[in-house]
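Per Swiss-Prot, the features are:
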type: BINDING; residues: R58, G59, A60, R101, Q204, N255, K256; note: substrate binding site
type: SITE; residues: C165; note: site 'Transition state stabilizer'
type: ACT_SITE; residues: D245; note: active site, proton donor
Amino acid sequence: MNTASDIDYARYDHIRPILWTGEALQLLDQRKLPFVVEHVVCHDSDEVAASIHALTVRGAPAIGIAAAWGVVLAARDVQAADGAHALQQLEPALQRLNASRPTAVNLAWALARMRRCLSAAGADWKALLEAEAQAIAEEDLAANRHMGALGAGLIEAGSGVLTHCNTGSLATAGFGTALGVIRAGMAQHRIARVFAGETRPWLQGARLTVWELQQDGIDATLIADSAASHLMKTGAVQWVIVGADRICANGDTANKIGTYQLAIAARHHGVKFMVVAPSSTVDMETVDGSQIEIEQRDPGELYGVGGTRTVAEGIAAWNPVFDVTPGELIDAIVTERGVILNPTAGNMRAAFGG
């Protein structure tokens, strides 16, 4: 069995996008990377919600962690005898946090966990709430490291991999999901080539993923999103490895826009397709991808690059930021609970219940 014991975490796991100071939440501003490394300081839950919506912090696990700390900040001004009474006062703040990004299930999952913590808490509810947020972050980091080893174990030595969007330390508590598998695969000398799609329109691949890999000393080749099929045709890629914002009960997976077309191209070219996400991303109450709300962002995001407009005035734009990849196009879903090969409703139910 592949293990994480031979991974140098001092080298491969040092970026942290979320920092709790005890008084405020510091978020690495991912809109300004890679050329400006700057933190946004949030002093209340509404500032956290605004930062999530504005993509200051992004990536499904990181969004959930930030929201949990947002609840802790909201609790600062609440006076209540126990957690149940505090929850009544905190509910509006929780609703605003929940509305900040609708597609990522980790956000609702983290808030539900904070609600459960409050419901059972006594007079020490504030301390328990802070401990719960810290536990969510620590558990995510441990899960990522375990998933990295599990996913890397599927990859044959000498393989090339292609990833999409950013699924690394910047999107999680640390190490990453899909990028964690790539880090583990590089550390174990299984991966010989890494390619990253630019990921329009926010360019998470170009701005964030290749920057993260550079920090680790991992050589990565950036490609235009539209070059992916041609790259697969050359035989340079054996695995496409992506993260997820929501995984349905039948294995259908919502992820960054462009993931679905990668899965189609991968199947056509005989390239394996891996989804890597913590079990908190699995939503067994959502039967299939048709039930997922797909976030639509400002069409203006498509009108230019880096603040410079490149599109004529009066042009309409359609800007969904997620799509759904059918489970039948996925070869493996990797969570900290294990690997689900060729996901179906049956083997998803066997792994996660429901």
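Going from the start of the chain as shown, residues are counted 1 onward.
Glycine too: its Cβ is placed from the backbone N, Cα and C atoms.
Of the residues the record lists as binding substrate, namely R58, G59, A60, R101, Q204, N255, K256, the two whose Cα atoms sit farthest apart are 17 Å from each other. In sequence order, G59 are the recorded positions from G59, A60, R101, D245 with a C-alpha within 10 Å of the C-alpha of C165 (site 'Transition state stabilizer'). Recorded residues G59 (substrate binding site) and the residue listed as 'active site, proton donor' have their alpha carbons 8 Å apart, per Cα-Cα distance.
Residues R58, G59, A60, R101, Q204, N255, K256 make up the record's substrate site, and a Cβ search at 8 Å around their centroid adds I63, A104, C165, N166, T167, A171, G243, D245 from the same chain. Remark: K256 (substrate binding site) has H164, C165, T199, Q204, V242, G243, D245, V321, F322, D323 as non-local neighbours, by Cβ distance under 8 Å and separation of at least 6 in sequence. Taken residue by residue with DSSP, N255 (substrate binding site) is part of a strand. Its Cβ taken as reference, D245 (active site, proton donor) is surrounded by 28 other Cβ atoms within 10 Å in the chains shown.
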